[in-house]
Amino acid sequence: MSGVRAVSRLLRARRLALTWAQPAASPIGARSFHFTVDGNKRSSAKVSDAISTQYPVVDHEFDAVVVGAGGAGLRAAFGLSEAGFNTACVTKLFPTRSHTVAAQGGINAALGNMEEDNWRWHFYDTVKGSDWLGDQDAIHYMTEQAPASVVELENYGMPFSRTEDGKIYQRAFGGQSLKFGKGGQAHRCCCVADRTGHSLLHTLYGRSLRYDTSYFVEYFALDLLMENGECRGVIALCIEDGSIHRIRARNTVVATGGYGRTYFSCTSAHTSTGDGTAMVTRAGLPCQDLEFVQFHPTGIYGAGCLITEGCRGEGGILINSQGERFMERYAPVAKDLASRDVVSRSMTLEIREGRGCGPEKDHVYLQLHHLPPEQLAVRLPGISETAMIFAGVDVTKEPIPVLPTVHYNMGGIPTNYKGQVLRHVNGQDQVVPGLYACGEAACASVHGANRLGANSLLDLVVFGRACALSIAESCRPGDKVPSIKPNAGEESVMNLDKLRFANGTIRTSELRLSMQKSMQSHAAVFRVGSVLQEGCEKILRLYGDLQHLKTFDRGMVWNTDLVETLELQNLMLCALQTIYGAEARKESRGAHAREDFKERVDEYDYSKPIQGQQKKPFQEHWRKHTLSYVDVKTGKVSLEYRPVIDKTLNEADCATVPPAIRSY
């Protein structure tokens, strides 16, 4: 408890624990670089002028560094510290400001508190939800670990909603069933009313304060430090004073979240800018399946704010301008609780066919007022408040205007189920030494072409923990940290300096808006080849316009203009890979719906018996992962593909789910 009290005192004083070395330009009395949970611990920081004489550069050494302090980053960081590793956590936000806090609906686990359940049924639903693009070994691992992960959170103090007999309350969520799709709707989503992400993030942060982790708060990670194909840490900018920090570590975990802000209308925080995805791209490593962008069915019309799927899990329904519960036509069994890609497309079709609501007929309604007010007050208190603030709607009396809104990135940094980052060489997966990824920044791939609601929070805690366990299996605390070249990170500092003094003709905000509107119009719920091709050309042209940016703040203390410009560079790399991957994929699968290629293209035609069919060659079908690379100088995108993993971790314990026609 002494460590916790020490941190509490530090935070109240708004200062950080001293390091051995202050940067050369640090003003007297300024807040120091970072705090540790143990206020007596000191870092091995050393001032260096090897890469810049204009910017204060400080070198640090740790066993491991985690980039990002959302759910996945915190779980990885304190898992490593718990195992005895000297761990740093670099985050551009205070941990409890991370976007995990915005998750509403819940976290899936087959606890069986509402009816009989089995993790294998959860496994089946997740594979089906992925439209058979998910890797079944990773899905096996996640769903089997789910019950223990939720119990662990409960033991950490997460205040789950309860049933009358005191068990964790579980609500219905989309795409989830019992008995391998034959037993009706499952109630598998554990929740804290409609504020589950908020509770999870604060629970994990509170738990992390038990351990001696060094937090670099409000530090912007610029790039990975790569040498000889290995990751040896990160280079970061201290936003507060402009100093540069090279954090050398034997193991680096990327947990920076998604890149929803590539789109104009999204539920993501403004800080969801794909920083880790872009860092990996600049390191010459591939990203995977970025064309699969999830549109959440129920974003508030006009504002884009998330209205949780839990509303429909509690009994809410979608209606069109005729008052019709239209999902019965598109998903006769699951209805409003079909998977998100199915519901989003159905809503879009209703609007296209003239059954939209409002003066412009450009949205539909989510009706909740038929539910008891007591149920809304207990199970959906946050939604009631959000609807009133952003839509002016009293949910007990009138429906909420909603529209599909960008919500989640299924793609990301390719990893195996242990969290190890992969590259694809000569048709084989190879682990990138020293580099791990988890959370929305990663692509394990447990979500495939479409994520099931409430599997994202599960993904965070399962794979954040997996990264820590994997590192503990292969390394020991205190192992020698590999060296880096004296000028490591020099290009990152040169880029920073170039942006700081950029004197072109385009504002960062203007270019960002052009990119967001282009992505919104060219890579939306429904996609078509000609529009995607036009989008590729436009995004590539906008990428070139990065050379013509103008920044206005030349300072180094809290230069948010500079930080937003760095974020725009990251967003552009994500946007390029997303739209080029979408244009190349000539099929419809999960969240990627092509109007000119409406069918899923598998190795067999699974609408018919496969006996007697000839298997399509790998080059002729699309049940495969996209790997994308970008030439950072030109913006040219290169694509290749790797097979989906169909085998589970133990076929005797959990059999592979063979592809089938997906319906709800």
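One-based numbering along the chain as shown.
In case you wondered, yes, glycine gets a Cβ from its N, Cα and C as well.
The transit peptide feature in Swiss-Prot is assigned to 1-42; the stated evidence is experimental evidence. Residues annotated as FAD binding site in Swiss-Prot, with experimental evidence given as evidence: A69, A72, T91, K92, S98, T100, G105, A221, D275, E440, S456, L457. The N6-succinyllysine feature in Swiss-Prot is assigned to K179, K335, K498, K538 (among others). Among the features that Swiss-Prot reports, N6-acetyllysine is placed at K182, K335, K485, K498, K633, K636, K647 (among others). Per Swiss-Prot, phosphotyrosine is recorded for Y215. Among the features that Swiss-Prot reports, oxaloacetate binding site is placed at H296, T308, H407, R451, A454. As annotated by Swiss-Prot, active site, proton acceptor applies to R340, with the evidence given as similarity to another entry.
Shown here: features listed in Swiss-Prot, placed on the structure.
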residue : record                       : contacts (Cβ under 8 Å, 6+ apart)
D275    : FAD binding site             : V67, K92, F220, A221, T256, G257, E567, N570
K335    : N6-acetyllysine              : I317, R325, M327, E328
R340    : active site, proton acceptor : G174, G175, Q294, F295, H296, P297, E309, H407, N450, R451, L452, G453, A591
A454    : oxaloacetate binding site    : G105, G106, I107, N108, F173, R188, C189, E309
S456    : FAD binding site             : A103, Y408, E440, H447
K498    : N6-succinyllysine            : none
K538    : N6-succinyllysine            : S518, H522
K633    : N6-acetyllysine              : none
Largest CA-to-CA spread of FAD binders A69, A72, T91, K92, S98, T100, G105, A221, D275, E440, S456, L457, angstrom:
30
Please work out the number of neighbouring Cβ atoms within 10 Å of the Cβ of the residue listed as 'phosphotyrosine', leaving out its own Cβ.
25
Say we define neighbours as other CB atoms within 10 Å of the CB. Which of the binding-site residues T91, S98, T308 has the fewest?
T91
Would you mind pulling the longest C-alpha to C-alpha span across H296, T308, H407, R451, A454, which the record has binding oxaloacetate, in angstrom?
14
Sort K335 (N6-acetyllysine) into helix, strand or coil using the DSSP assignment.
helix
With a 10 Å radius around each C-beta, find which of these recorded positions (H296, K485) has the fewest other C-beta atoms nearby.
K485
Nearest by CA distance to K179 (N6-succinyllysine): which of the recorded positions is it, out of A69, Y215, K636?
A69
Across K179, H407, R451, K647, listed as recorded positions, the smallest other-CB tally within 10 A is for K647
Measuring Cα to Cα, how many angstrom lie between S98 (FAD binding site) and K485 (N6-acetyllysine)?
33
Rounded Cα distance in angstrom between T91 (FAD binding site) and K182 (N6-acetyllysine) is 45
